[in-house]
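Quick notes on the structure that follows.
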Amino acid sequence: EERNKKSPKRKIVLLMAYSGKGYHGMQRNVGSSQFKTIEDDLVSALVQSGCIPENHGEDMKKMSFQRCARTDKGVSAAGQIVSLKVRLIDDILEKINNHLPSHIRILGLKRVTGGFNSKNKCDARTYSYMLPTFAFAHKDHDVQEEVYRLDRETLEKVNKLLACYKGTHNFHNFTSQKGPRDPSAKRYIMEMYCGEPFVREDIEFAVIKVKGQSFMMHQIRKMIGLVIAIVKGYAAESIIELSWGEEKVDVPKAPGLGLVLERVHFEKYNRRFGNDGLHEPLEWTEEEEKIAVFKEQYIYPTIINTEREEKSMVNWLNTLSIHDFNSSVV
């Protein structure tokens, strides 16, 4: 303890992976203990391992804590980044991980500049969304979930629709509490596509990847929800264009279960400080293997098993018929 107190405090970033099931998102709600968040477990491990004094756990500003993305309730991450000031104790990663549950891991650590803030310095975020492919089956077809396999033509249609989101658009209809004239509703999407399907435990799944500058609450789930509604035949293709206009459009929100924060990008920071001789670029090539193993062990099985047991996608698909995609007033 005495030696810990003498260790200098340094600004670092931690690379985190976690399975979000059972948590009310990433961000800590100080004062409401009934809603457990990922940061509650993280802060407790930082205090117990001796990296931060106890009072920093109560007031996170004291350690300049900042998370890169506030993942919503139930959402997982394979490459979340938090920045904070800690005492650089020996075997720091091992000690923090010893105080964390196995479904939350710190996979890497790097020193950063003193003024570094993981939220402001992040210039893009990549998310993935893993879903059973029967979500794309047309509503008029009677589908056996375990037998359904996605055909080429439907996958091409899905990708054509997802590509519509690329560029800068007004996404006020894809979140709550934002009006059409709110400048912060304009968001820039760099890429969005659905990969090749694969079978796990008899069910065929596919993964949608989306990279954007930043996302609003529920935005990705609503972007995917709307594409599913179109592919299934509930809504016309023209509704995507319509949703960027000023009219209010009823956009369904796909379940949170399949959403994963894959990685966060610091391209500007890396160009400026990554090779200054003092700091490393915020790239995690050496940790890729650990990230892949964590996803296979904790994230994918959680998504697959929860889908099988709780049928979150099946139940949600049954609600699509009650949305009114024709009227622009909800």
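Heads up, the Cβ atoms here are built off N, Cα and C, so glycines get one too.
As annotated by TrEMBL, active site, nucleophile applies to Asp72. Among the features that TrEMBL reports, substrate binding site is placed at Tyr127. As annotated by TrEMBL, domain 'Pseudouridine synthase I TruA alpha/beta' applies to 165-267.
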Report task. Give me the Cα-Cα distance between Asp72 (active site, nucleophile) and the residue listed as 'substrate binding site', rounded to a whole Å. Result -> 12
Query raised in the report: Of all the recorded positions given, Asp72, Tyr127, which has the fewest Cβ neighbours within 10 Å once its own Cβ is left out?
Result: Asp72
Query raised in the report: For the domain 'Pseudouridine synthase I TruA alpha/beta' (165-267), what is the mean per-residue pLDDT, to the nearest integer?
Result: 95
